[in-house]
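Encoded as structure tokens, the structure appears first; notes follow it.
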Amino acid sequence: MDGAKSGKQCHVCQICGDGVGTAADGELFTACDVCGFPVCRPCYEYERKDGSQACPQCKTKYKRHKGSPPILGDESDDVDADDASDVNYPTSGNQDHKHKIAERMLTWRMNSGRNDDIVHSKYDSGEIGHPKYDSGEIPRIYIPSLTHSQISGEIPGASPDHMMSPVGNIGRRGHPFPYVNHSPNPSREFSGSLGNVAWKERVDGWKMKDKGAIPMANGTSIAPSEGRGVGDIDASTDYNMEDALLNDETRQPLSRKVPISSSRINPYRMVIVLRLIVLCIFLHYRITNPVRNAYPLWLLSVICEIWFALSWILDQFPKWSPINRETYLDRLALRYDREGEPSQLAPVDIFVSTVDPMKEPPLVTANTVLSILAVDYPVDKVSCYVSDDGAAMLTFDALAETSEFARKWVPFCKKYSIEPRAPEWYFAQKIDYLKDKVQASFVKDRRAMKREYEEFKVRVNALVAKAQKVPEEGWIMQDGTPWPGNNTRDHPGMIQVFLGHSGGLDTEGNELPRLVYVSREKRPGFQHHKKAGAMNALVRVSAVLTNGQYLLNLDCDHYINNSKALREAMCFLMDPNLGRRVCYVQFPQRFDGIDRNDRYANRNTVFFDINLRGLDGLQGPVYVGTGCVFNRTALYGYEPPIKQKRPGYFSSLCGGRKKTKKSKEKSTEKKKSHKHVDSSVPVFNLEDIEEGIEGSGFDDEKSLLMSQMSLEKRFGQSSVFVASTLMEYGGVPQSATPESLLKEAIHVISCGYEDKSDWGTEIGWIYGSVTEDILTGFKMHARGWRSIYCMPKRPAFKGSAPINLSDRLNQVLRWALGSVEILFSRHCPIWYGYGGRLKFLERFAYINTTIYPLTSIPLLLYCILPAICLLTGKFIIPEISNFASIWFISLFLSIFATGILEMRWSGVGIDEWWRNEQFWVIGGISAHLFAVFQGLLKVLAGIDTSFTVTSKASDEEGDFAELYMFKWTTLLIPPTTILIINLVGVVAGISYAINSGYQSWGPLFGKLFFAFWVIVHLYPFLKGLMGRQNRTPTIVVVWAILLASIFSLLWVRIDPFTTRVTGPDTQKCGINC
């Protein structure tokens, strides 16, 4: 019965409540071809003639259907009403069905989410809210700060007047305690909705005018003026030219692609093709012309060159069609955030992860949190979750101090629109801070705020100093109870809400975004999956407490540098034509505190400004681990809406035949049968959730229970969380109480929650590699999602990078080990996901991302070859003719031309490009090499490698003191050895040439060039070994002496100074020989 009712929703006009009716061809009338929002013919005609001319739901301009009179602004081809949308957007009936299931699963009697039955009743009563984020449609339960035994700031639900009144503040020095597993006992329920009667009045007025009368304000009606044409605009309507221009602007796209100009990209592509041809000819020459007296060296070099060619192809061709993108924040504001109206922007949950406060200073994390709380976004749409995977009381106390300082910092940022909104970096700027500031009070307020921040730093640093010495009995909280996280490997889950709608106001009486501390449960014997497990715990907690439609994840040292960063992302995610197919929006990583020359290529500009822009022209950039805004639906393992193919050229010329109902059903069945072509790419469709229920209706409790069990098997044993996954536009159940939500939040971060579920395999951050970001993005792309690369003029986020050589190499080692783990796993892009929706060149990029550490082996051999050639007097290339030399010269010219043209279209400087080339060699013969062997040990022998968190401590000993600090690590051994070998080889080669005469200098130049190529690439490494005072550390001196001794013995064995002249045997020739 209810299933039939859900199907009938599409037959009822959502404006006036009348039947939708049929079109001229006898089928159901569809006003909007994009979203299918049910509107009857009279309402459609009224909207086109006297209204906004756009769909009330998706804001798409209405096309003229057959039989409709033309109006001003109609396009010449707007007469075909049969054009289908590119995307199968869900209809209102389907959405209603999903939310009914969600509510029934939770309480069997709930009304929440975007329920079209409720919407219909609102229309009947003259109250219509926004279909997505209106407060009456998708309620957002506000969890107050939770203490150890009670809920502070409880909001009674007896009267609507008290719904939003915050009660009780956290004292300045009296820090709250986290909720562990104590059940508070409040009960409250939110109700109410926002709406207006504008649509109802306008539609009623149009109908009365159509009958010959115009309604007046007092309810009476008058006859229309005689002689007025049907197409004239009535003077009584509120439609005017300004509204027309405004509505036209809201229908414009929120972003657009900006292709690279043909004058820059076409020469680049031509050189790539020419380089590929030259490379093939060069390899053919090398293979067919062996060196007879140095066959092993020749064979080794040819194998290395073939591998380099393959690696170049995998890296180069995904950059074939790079693009830029532009966003239009003014259009976003016109469509979703008009001044004086409730904001309709989507809610966003922001995740910040930290582990060790000794290596990730609390002050750094505090600056990140403060920049989030001060972001330019509606406060009721932002929630910040801080994951403390180390369960440190220091982090908890520092977060409490941060929440207090935020009450002063946030209003200061918003009052004067300062950038950036991380106080440490704002006050450290060496700029004219009075520029563009017209308020007379700014200087005074800025001075006072700087003083407040210095006091805040003193308090936080005092906490850090106190935490250096851990008491024998463990840390004690202010109420005398032991800190639950004293044992970091065995502690319960903890949640504390510091800020929010009932957690106190700022100094100007405004609400602050929600700030939540989360530490997931840890017990011995359970696999916790490091950062990926912590992120999945945050996904579940946020779904239970706030359920924002989108998620932003940041490392604790990456602060928001552009306060409009979330709005930039919403220009893609909330775009009606693009957003539903986007799994995430990735921002480039930018860094502070890097030396001017960027000695170790920390900025990684080539990757962020060239490679990722190239991928954006395909299926989108890879996920790089931070600065990424996710679509929550994509993280839940669902597939994107299916994009239908447009009719072909000949069918459009001949006129496409309209599909009958039978043919439509047939094609639908065909699509369903071919939907899961490859069993290795599991994809879930939102429509699959209703399986077993649609046929029997909601009265069949058994079918509903079976569906709930299947969902709990996938998402875990939490009815509240399962219900939240069905709410496509976010929000939490309206009838849920803070007590029940808190219990569920504690439950979903328990260490055994993920057992026998799809978490980490198909849902959330994917397990199986220390670089969980690559796996997570790859799974989404394999399901058919696309990602977006957003590069605003002002960098969205900035972070810190390890400028010390040893720390930098350890960071690269971790990334490379993750790639090796993926290479030997079932998720390897070489064989995973065929038959899915991953584009061919996108697969190329992922293959390159996983196999690049293997390049370290041929690179190491190729760097040793120059020294061997110089010491033995042999070479890897035979004596070449003038014709053969053309191909060598052509290859070198094509390599340089590719780099130059790449820098030309991307804007990357030659110094950045060269630093990237140098560190490719340094990292390749050190970190990548170790990663290959450690990965093989882990896969074959099960020997796991533990990694320490990269230190993010601030530089307190002077500018770039960390850069010159020498930290010994085994990763330094291979580059040091290769450097010494080549230097010895150069000396030996020159000595041999001096003693052998003029004719030996010709072949020597090729060998010396080869050796200097290696030494020049290792020059930053050599500077790193020398330190600030250009004094080589003792350990390096010892290694140099040891290696020099080895090669001295080798030198004596070869003895290049001995004259090697062969002649006749004197015993055979005699004295007259």
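Note: Cβ is positioned from N, Cα and C throughout, glycine not excepted.
Lifted from Swiss-Prot, the feature list:
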ACT_SITE  Asp389  active site
ACT_SITE  Asp773  active site
BINDING   Cys13, Cys16, Cys40, Cys43  Zn(2+) 1 binding site
BINDING   Ser353, Lys359, Glu360, Asp389, Lys530  UDP-alpha-D-glucose binding site
COILED    443-470  coiled coil
TOPO_DOM  1-270  topological domain 'Cytoplasmic'
TOPO_DOM  315-856  topological domain 'Cytoplasmic'
TOPO_DOM  878-882  topological domain 'Extracellular'
TOPO_DOM  904-918  topological domain 'Cytoplasmic'
TOPO_DOM  940-969  topological domain 'Extracellular'
TOPO_DOM  991-1001  topological domain 'Cytoplasmic'
TOPO_DOM  1023-1031  topological domain 'Extracellular'
TOPO_DOM  1053-1073  topological domain 'Cytoplasmic'
TRANSMEM  271-291  transmembrane segment
TRANSMEM  294-314  transmembrane segment
TRANSMEM  857-877  transmembrane segment
TRANSMEM  883-903  transmembrane segment
TRANSMEM  919-939  transmembrane segment
TRANSMEM  970-990  transmembrane segment
TRANSMEM  1002-1022  transmembrane segment
TRANSMEM  1032-1052  transmembrane segment
ZN_FING   13-59  zinc finger
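Structure coloured by features recorded in Swiss-Prot.
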{"residue": "Cys13", "record": "Zn(2+) 1 binding site", "DSSP (3 states)": "coil"}
{"residue": "Cys40", "record": "Zn(2+) 1 binding site", "DSSP (3 states)": "coil"}
{"residue": "Ser353", "record": "UDP-alpha-D-glucose binding site", "DSSP (3 states)": "strand"}
{"residue": "Lys359", "record": "UDP-alpha-D-glucose binding site", "DSSP (3 states)": "coil"}
{"residue": "Asp389", "record": "active site", "DSSP (3 states)": "coil"}
{"residue": "Lys530", "record": "UDP-alpha-D-glucose binding site", "DSSP (3 states)": "helix"}
{"residue": "Asp773", "record": "active site", "DSSP (3 states)": "helix"}
Q) Does the chain bring the transmembrane segment (1002-1022) near the transmembrane segment (294-314), so that three or more CB pairs sit under 8 Å (pairs 6 or more apart in sequence)? A) no
Q: Tell me the Cβ contacts of Ser353 (UDP-alpha-D-glucose binding site) under 8 Å, same chain only and six or more apart in sequence, or just say none.
A: Val386, Ser387, Asp389, Lys531, Ala534, Met535, Leu538, Asn553, Leu554, Asp555, Cys556
(Q) Going by a 10 angstroms cut-off between Cβ atoms, which of the binding-site residues Cys13, Cys16, Cys43 has the sparsest surroundings? (A) Cys16
Q: Work through the recorded positions one by one (Lys359, Glu360, Lys530, Asp773) and name whichever has its CA nearest to the CA of Cys40 (Zn(2+) 1 binding site).
A: Asp773
Q | the transmembrane segment (970-990) in contact with the transmembrane segment (857-877), cutoff 8 A, at least 3 CB pairs, sep 6+ | A | yes
Q.
Need a quick answer: max count of Cβ pairs under 8 Å to the transmembrane segment (857-877), which of 271-291, 294-314, 883-903, 919-939 is it?
A. 294-314
Q | Segment-level pLDDT (mean, integer) for the topological domain 'Extracellular' (940-969) | A | 61
(Q) Long-range neighbours only, meaning 6 or more apart in sequence with Cβ under 8 Å: which ones does Asp773 (active site) have? (A) Val622, Tyr623, Val624, Gly625, Trp765
(Q) Can you tell me the CA-to-CA distance separating Cys16 (Zn(2+) 1 binding site) and Lys530 (UDP-alpha-D-glucose binding site), as a whole number of Å? (A) 54
Q. If one looks at the chain holding Lys530 (UDP-alpha-D-glucose binding site), which residues at least 6 apart in sequence have a CB under 8 angstroms from its CB?
A. Asp389, Val770, Glu772
Q) Could you give the maximum C-alpha to C-alpha distance in Å for the residues Ser353, Lys359, Glu360, Asp389, Lys530 that bind UDP-alpha-D-glucose per the record? A) 16
Q.
Could you give me three numbers for the topological domain 'Cytoplasmic' (904-918), the DSSP helix, strand and coil residue counts?
A. 12 helix, 0 strand, 3 coil
Q. Hey, of the recorded positions listed (Lys359, Asp389), which one tops the CB count within 10 A?
A. Asp389
Q) Mind checking how the topological domain 'Extracellular' (878-882) divides into helix, strand and coil residues in DSSP? A) 1 helix, 0 strand, 4 coil
Q: May I ask for the residues of the chain that lie six or more residues beyond the topological domain 'Extracellular' (878-882) and have a Cβ under 8 Å from a Cβ within it?
A: 289-292, 888
**Q.** Remote residues contacting the topological domain 'Cytoplasmic' (904-918) - C-beta distance under 8 A, at least 6 residues beyond either end
**A.** 260, 264-265, 268, 322, 597-601, 603-607, 609-610, 613, 1016-1020
**Q.** Other CB atoms within 10 A, centred on Cys40 (Zn(2+) 1 binding site)
**A.** 22
Q) Expressed to the nearest Å, what is the distance separating Lys359 (UDP-alpha-D-glucose binding site) and Cys13 (Zn(2+) 1 binding site) at their Cα atoms? A) 60
